[in-house]
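Have a look at the structure below before the remarks.
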Amino acid sequence: MAAPQRGGEYRRFVLLSILLGTQRETWAEHILYSVPEETDKGSFVGNIAKDLGLEPGELEEHGVRIISRGRTQLFALNPRSGSLVTAGRIDREELCAQSARCLVNFNILMDKMNLHPVEVEIIDVNDNAPRFLTEEMTVKITENTAPGVRFPLNEARDPDVGTNSLQSYQLNPNHHFSLVVQTGDDGGKYPELVLERVLDREEEAVHHLLLTASDGGDPPRSQTAHIQVTVVDVNDHAPVFSLPQYQATVPENVPVGTRLLTVHAVDLDEGVNGEVTYSFRKITQKILQLFQLNPHTGELSTLEGLDYEESSYYEMEVQAQDGPGSITRAKVMITILDVNDNAPEVTVTSVSNSVPEDTPTGTVVALFYLQDRDSGKNGEVTCTISENLPFKLERSIDNYYRLMTAKNLDREKCSVYNITLIATDGGTPPLSSETHISMNVADINDNPPTFPQVSYSAYIPENNPRGASVFTVMAHDPDSGKNAQVTYSVTEDIIMGSPLSSYISINSDTGILYALCSFDYEHIRDLQLLVTASDGGDPPLSSNVSLILFMLDQNDNTPEILYPTFPTDGSTGVELAPRSAEPGTLIALIKIYDRDSGENGEVNCRLEGEVPFQIISSSRNSYKLVIDGALDREQTPEYNVTITATDRGRPPLSATTTVILIITD
């Protein structure tokens, strides 16, 4: 049963909250668990929800997931119970070989940027019996060998550890041999056959023995190997290696079949007794797959490609045996040199695809893991990004890097950043890899709508039709979405006793202003408005602009002759002129009024027909009627004078009046 080594409630650290615009990173202490190997899928490992300070059902809400750095996933999360469980069968020996402790490390990611290191110890169970490399052994002993001589036997190997590993050997009872067990420098147990009595080939040429290897598990496991001892004639000399141990150092990328070294032993006997053959001893199945030893030449070569990242060192024992069976042993040590044959790998653990533009500087927006399977400088990795970006990299623990904001973001200047992470190792030549992250900058309502001008003016011809479009205002908002949706309104006001809304309306979506009435220049000369543009943000932002609508005069008023006035009782207006009056004498003043303005209100006055009078302009729309010649009362006692007033509009409008001038003494 798994038991967490660490308990208690953890404080809840919220590292990334894009919606709130705040992100910070926290690294928690290790969470320690243990679980036996070979347990069923779904077996309980630990209460991860409790150790993260969460309720059992809150794992999904906080986005809790396992980050395993590329390794096969050994554990899983149960979102209902909040437990860490096994994702399948776990084989301790496959993970950690014969290491004293087998620790599996991974991280729990919470709230997108919060890493909690977890360490699970895999407890060994006695699921492996000791195994001999070969279940049949052959030992050759000359019949003149003195009692007490020892003959090394092939040892058994047990991948379990502790008491579950190999503990003892037993030899079946017999009269000629006994067994001793030596403990090597590596802690391994190596059996040796001890000759107790002199052998007689004529009495018994072959002896059959049973060697049993047992572990200390409960219950114990064991395996038995058969030993065939052959008694041979006297052999004067045993093979002798040229070196007590052989060493070779090779790069991991040597071609398959490369000769690494040659072991050599000499036997001074002649004939069959001096013929030496070579073979492996004290070797694992893995070494048998990687290396081959020529039994006749002693050449050690590769059978498969070597991989430094899998193992950097191999130690084995070879033996030289002559014809009669005398054996000599030597150690062989192969050191593998790392070659920069692995490019760095970038694993993006968590990334925020969208970041608000008001995100504070120093906010973590992505978390990724770097690894290089090489070692030394070949495995030292650095990571860089372009310097012209408002982001920076910061190294964290355990080869994790954080991508953080380094400057204030402005979506209106740049709405998306394409960030290239370049991971480079320290090899010669260096290897590198690239990972691309696309980072969108989310809009914040930080810009009010703006008008291109600080004020506007427009002109409306009077007598316009009701509902006519008179002007269009347009504001621009550099934000996006609802923050950029602009609506328009006009500030209410009172114009000549009436609300402004009775004169003008505005389309809130398009900014088009419409006349709600037909304007009369002679009644209203201009309208002063305040137009407001508001965006759809929350809260909304707005700006104002002033607009003056000027009315354009139309020639819609006929001139009025104020004096001389036309009688309203049907009679004709009468003016008197003395017959003795000199030319230029003022007879009457003519006053004319036109309600229009400009040229439409400028009036010219003239007399109709041939009369001894003329009209002289004295000021705007003001004239004098004066005598232009001699007056003869006896010939013409009175004149009917028609005065016509015409404005300068297009087309012109005019008015007339008739005045009777009586010549008096």
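Just so you know, glycine gets a Cβ as well, placed from its N, Cα and C.
Per TrEMBL, domain 'Cadherin' is recorded for 75-132, 133-241, 242-346, 347-451, 452-566, 578-665. Summarising the annotation, TrEMBL assigns signal peptide to 1-28.
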Within the domain 'Cadherin' (452-566), residues counted as helix, strand or coil by DSSP: 7 helix, 51 strand, 57 coil
The domain 'Cadherin' (133-241), counted residue by residue under DSSP: helix, strand, coil: 3 helix, 55 strand, 51 coil
Whole-number mean of pLDDT values that fall within the domain 'Cadherin' (578-665): 87
